Amino acid sequence: MRMRRKPWARPELEACDFFVANPKENKGNWKNTFKNTENPIYLELGCGKGTFMAVHGSDNPNINYIAIDIKDEVLVLAKRSIEKAYEEKNKALDNVKLMPQEIALIDTILDSNDKIERIYINFCNPWPKDRHKKRRLTHTRQLTKYRDFLVDGGEIHFKTDDDELFEESLEYFKECNFEITYITRDLHNSGYEYNVVTEHEEMFSKQGIKIKFLIAKKL
């Protein structure tokens, strides 16, 4: 279902202190955009309505986060979710940057100087048709780009409801010299402790769909 255009979304975002309207300007220098420049930087690709980032950011003030999505109409909901979480926990909102970006062009805003230590990919489009598979966020074409700015030993945390995407992604990671250090095909019964349930995850779980999850380490 396509989200209706919200003409008020961009003005609200531009009035937000942690929104970055032109992320290309910070390529290679992201650490200096945060208050604590010594914190490691984690990246969420496709933050959606911000449920995941709101919890992670407010629970981990010692980590800096970059959260991206493509639509203002989605980003403005993420902004509100993040603000609410920090307000409820009485935390200073100084470790999150929210921005619009096409993930296929992620290499236009990040490079090896940015030293990203972890990437989160949650419930991305599975692109099931063969002619579209190169658009997958876990495809080798994308993983090659991530390797440029992900530190050696850095991790990609990947969650999906889609069986085919998950199994084929295992091959993508192998091809791009990542080691799978954790894997489960039933996350909610796995005993994995620090799982933040996203809006999509909750929906799929209620339908009885098992959630697949892995951690891949850059070698």
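Placement of Cβ uses the backbone N, Cα and C atoms for every residue, glycine included.
Features reported for this protein in Swiss-Prot:
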BINDING   E44, D69, E102, N125  S-adenosyl-L-methionine binding site
BINDING   K129, D161  substrate binding site
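Taking every pair among E44, D69, E102, N125, the residues listed as contacting S-adenosyl-L-methionine, the largest Cα to Cα separation comes to 15 Å. Neighbour density around each Cβ, counted as other Cβ atoms within 10 Å, peaks among the binding-site residues E44, E102 at E44.
Ranking the binding-site residues D69, D161 by other CB atoms within 10 A of the CB puts D161 at the bottom. Within 8 A of the CB centroid of the S-adenosyl-L-methionine site residues E44, D69, E102, N125, the other residues of that chain are L45, G46, C47, I68, I70, Q101, I103, C124, L137. Cα to Cα, D69 (S-adenosyl-L-methionine binding site) and D161 (substrate binding site) are separated by 20 Å. Highest local Cβ density among the binding-site residues N125, K129 belongs to N125, counted as other Cβ atoms within 10 Å over all protein chains shown. The CA atom of K129 (substrate binding site) is located 25 Å away from the CA atom of E44 (S-adenosyl-L-methionine binding site). The distance from the Cα of N125 (S-adenosyl-L-methionine binding site) to the Cα of D161 (substrate binding site) comes to 10 Å. Counting only the Cα atoms, the space from E102 (S-adenosyl-L-methionine binding site) to D161 (substrate binding site) is about 22 angstrom.
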